[in-house]
Amino acid sequence: MWENALSFFDFDDTNVIYVSLGTIILGAGAAVVGSFTFFRKKALIGDAIAHAILPGVCLAFILSGTKNYFLLISGAFFTGWLSIIAVDYIVKKSKIKEDTAIGLILSVFFGVGIMLLTYIQQSGNAAQTGLDSFLFGKAASMLAQDVIVFSAISIILVFMILLFYKELKLITYDKDFAQSIGLPVKWIEFLLSSLTVLAVVTGIQAVGVVLMAALLITPTAAAKYWSGSLSVILILAAIIGGFSGVSGAFISYIAPNMPTGPWVVMVLSLFAIFSILFAPKKGYFSRLLQQLKNRKQIQDENILKAFHQIAEAEDNFGEAKSLEKLREKRYYTTRLMKRILLRLKRQGYLRRTKEGFFLSDYGQRKAARLVKLHRLWELYLTEYLRIAPDHVHEDADTIEHIITPELEKRLEEKLGYPEVDPHNSKIPYD
Amino acid sequence: MIKQVENPIIEIHDLSVAYERKPVLWDVDLSLPEGQLIGIIGPNGAGKSTLLKAIMGLLPLNSGYIQINGKPLEEMRHKISYVPQRESVDWDFPTSVYEVVMMGRYGQLGLFNRPKKADAEIVMDSLRKVGMDEFKNRQISQLSGGQQQRVFLARALAQQADIYFMDEPFAGVDAATEKAIIKLLGEMSAQNKTVIVVHHDLQSVAKYFDWIILLNMRLVASGPINEAFTPELLQETYGGKLTLLTEISDLIQKHRFPNRE
């Protein structure tokens, strides 16, 4: 097996080069076209097309008796398109919703396809070997001429997407507006559907019918975690699609009994899972980190506020405050409390002497601001939202942490720099 | 009270529209003057948005025709700008404020052409007019409702049209945005642009518009604000739905009856 792996990278076998290049191009092409079906929220139509292609291929073979590319692709294109039209027609003319229509069409076409395939296999026509690779994809055993034909189609697809990028983007984002400026929306939609059918026809070489939808959708689903710009997402999706394609081909080359398609999809799914978990900003862990940060901020600010409140009650701002008194205001465990205090000291809000912790000048200002925000918000809730004074404290306790300086200023102006809050506590200003 | 005008900028003749066979507008006949700020007023389901979409050719007509400056729509598209309802698009779509406003230039650019420097300048100018120039690189998914509406407005400005159709530009926006938008619309009409706005806050109608269209499945009134904005006409528009008309519409849909023979 490892000898196989090494010989893959030697590229001694010219077929290896073809297959590698071919799967990269096929994967990338399908991913780029798939991006638009994804953002048009028609991700599943790819699945319908993929299944609908099988009867077309079989019919073309039965009628011609040979494995002529042009005929097979034409047959595939024909029934693929037929499935789109059928889904649209059902949605438009009946009460059946799109997901159901796709399910119906997909199974009918696929059923007919399997019937025809079985018929062909039993007919004893020697040329039929290899037709069933349509079901699961067998990129690793593609021949040079297969690769050239399908790669050429993929390159044309990507070229067409680039050529009509502006228009495709507009009809995907805002179809009504596109139509209002006189764009030939129907024509561009027809073009995109045709490109999708062709992408499916070529992509099937890599992953087969059943897994084709993944090749269209998954690269974009992963890529959109990394960028908010359509052009960047398209490039990332192409890279992910291409890389997954060649990885699948590689694995089924080193272990010839392994089917290509499932491995391509495995690699794609790894990309998607990795993106969902680890992407910056939108990823799961990044969000988790943000929540942790928020929690720390709330804890820190609550303790600063407690310092201020105690000082206010004792009318003594300079002195150290004991842990017990702080815990009366905010019941955190002693361990947590100590951690927060040390953190605040590190950040320069607190200072520490033998007697304990006390607010630094900077901390003093920050604490006063927090108390002010809390009390301003309470006042805003009672005055503008007419909420009873005894209900406003909990609301203000969360809101005070997220009020920005701009909102603070507007709040002050709106309320006219009031002296006291609804509970008659003094509002501290700088 | 339906006032017809001489040399109208928009003329609608015997317009009827149905949604999935259910008639929503019956025989609308009206003409509108140039350079005015015009409000389309009516209750929910009155067909206000439908009227705009029908004028923009986004819906098939059951009957009637529309002329813009005496010409069919197709010849006048480059002079017209349409602002759809804010909720009609997906604000999670991966694109920036600048790119959305640039879409306003696509009509003039035509197929295959890339935006030129002049287009970029027009886009920046439009963004400045709505106070969104600082947000030009912002993802549209991060905008507030008011900012979304400003972006749509900037896109319309970038079209540099003479006639503007806006579907509920004041819906769900903050007070500051509403003020900014109405100021802008005033400036546009001062430059002899015709602005037609679907609106449903009756409080501000008299303050905002020069001319109003009262609509409730059929045209109730069309005229200058001081003539058409009367309690009687409002009563006719809002009070007492025409249940008979609604029931007939429902029947037509249910029996898949043709609207015209």
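Placed from the backbone N, Cα and C atoms, the Cβ positions cover glycine too.
In TrEMBL, the transmembrane segment annotation falls on A:103-122 of the listed ranges A:103-122, A:183-202.
DSSP places the residues of the domain 'Iron dependent repressor metal binding and dimerisation' (A:361-428) in helix, strand and coil in these numbers: 46 helix, 2 strand, 20 coil. Only residues 6 or more beyond the boundaries of the transmembrane segment (A:261-279), in the same chain, are considered here, and those with a CB under 8 A from a CB of the stretch are 23, 27, 136-137, 139, 206-208, 210-211, 214-215, 218-219, 221-223, 225-226, 240-241, 243-245, 247-249, 251-252, 285-286. If you look at the transmembrane segment (A:16-39), the same-chain residues 6 or more away from its ends with a CB under 8 A from one of its CBs are 7-8, 45-46, 139-140, 142-144, 146-148, 150-151, 153-155, 157-158, 161, 168, 172, 192, 195-196, 198-200, 202-203, 205-206, 212, 215-217, 219-221, 223, 230, 233-234, 237-246, 248-250, 253, 260, 264. Tertiary proximity for the transmembrane segment (A:44-63) is limited to same-chain residues at least six positions away from its ends with a CB under 8 Å from its CB atoms, namely 34, 37, 71-72, 74-80, 82-84, 87, 98-99, 102, 105-107, 109-110, 112-114, 116-117, 119-120, 127-128, 131, 134-135, 196-197, 199-201, 203-204, 209-210, 212-213, 216-217.
Averaged across the domain 'Iron dependent repressor metal binding and dimerisation' (A:361-428), the predicted model reaches a pLDDT of 88. Only pairs six or more apart in sequence are counted, and the transmembrane segment (A:206-226) with the transmembrane segment (A:142-165) gives fewer than three Cβ pairs under 8 Å, not enough to call it a contact.
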